[in-house]
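Here the structure is laid out as structure tokens; the discussion comes afterwards.
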Amino acid sequence: MIGARVFCITTTALRRSPIFFFPKIPTRPVFRLSPATRPIVAMSTTSKNQEELDSIFKQKRVVRSTVRKSLKAMDPSLRTQQDEAIQKTVLEAPWFKSCKGLCAYISCKSLNEVDTSKILSEILQHPDSNTQKKLYVPWVEDKNSNMRMLHISHMEDLVANSMNILEPAPVDAQGNDREDVLQADEPIDLFILPGLAFDRCGRRLGRGGGYYDTFLKRYQDRAKEKGWRYPLMVALSYSPQILEDGSIPVTPNDVLIDALVTPSGVVPITPRATESM
């Protein structure tokens with residue numbers, strides 16, 4: 001199912017421009033923040049000082065707090081319905097079926113993330129099939145925003161870490177290092193991303209650790225070095241996580257997404273996503 005295609009003043013331009021701004025788009029948002037949480041209208045990377053950056057980080061904290069409360073208040077039955085709808089959309093999508101390699105997050109219930117268990121199970125269900133996809137999942141390396149994406153073949157490859165979040169052991173059952181996607185010889189086609197809040201201009205707000213933005217930048221550098229096409233960046237989102245366009249503050253370190261998968265379907269954001277979806 002394809003959702004409404006809403007375009008902001010070119011997302012490509014946003015990726016390249018040194019000016020970070022928050023346009024007012026005449027579209028009805030799924031969720032509106034109060035005026036007090038809306039970000040500063042314009043920021044230039046050439047004139048930002050620490051005070052301005054601190055202001056953006058403060059705005060991010062306010063948005064995170066608002067969205068966390070909304071997620072916590074979600075009815076469990078509604079959450080289950082949205083989990084099923086989102087995963088069904090992904091599993092039936094041509095861009096998912098055709099991908100040969102991908103990075104995907106392992107959902108954590110305590111973080112109120114969109115469930116990915118059916119997606120992962122489908123990928124790992126037929127390891128010897130011709131349609132098998134090569135799957136890489138997150139392994140947090142340290143507390144300094146360093147994360148790796150390691151290859152797994154079975155759900156049994158996952159163990160709970162100190163925060164009770166499933167992740168791959170860095171070595172397999174035979175004692176061999178797991179393949180790191182940043183050292184792989186072949187590119188991946190797709191990232192399935194988590195997040196705390198999103199808008200239809202491609203802005204993504206994480207949980208504040210910087211792990212995904214740091215990793216995505218590294219993979220983009222790797223792809224550029226190898227001459228590979230960038231993978232499609234697709235985020236999964238419950239309804240309360242989709243904010244009014246321009247409500248999410250951004251910095252030069254924030255990586256934009258290509259598309260959203262919502263309970264209502266797919267929302268392509270970039271021209272590439274429109275072509276693929």
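Backbone N, Cα and C atoms are what each Cβ position is placed from, and that goes for glycine too.
Glu113 is the residue from Glu84, Glu92, Glu113 that Swiss-Prot records in the substrate site together with Arg207, Gly208, Gly209, Gly210, Tyr211. Going by what Swiss-Prot states, the ATP site holds Lys60, Arg61, Val62, Val63, Arg64, Gly206, Arg207, Gly208, Gly209, Gly210, Tyr211, Tyr212, Asp213, and the candidate of Asp115, Asp157, Asp254, Asp258 recorded there is Asp254.
Counted over all residue pairs in Lys60, Arg61, Val62, Val63, Arg64, Gly206, Arg207, Gly208, Gly209, Gly210, Tyr211, Tyr212, Asp213, Asp254, the record's binders of ATP, the longest Cα to Cα distance measures 20 angstrom. In the three-state DSSP classification, Arg64 (ATP binding site) falls within a helix. The substrate site in the record is lined by Glu113, Arg207, Gly208, Gly209, Gly210, Tyr211, and its two most distant CA atoms lie 17 Å apart.
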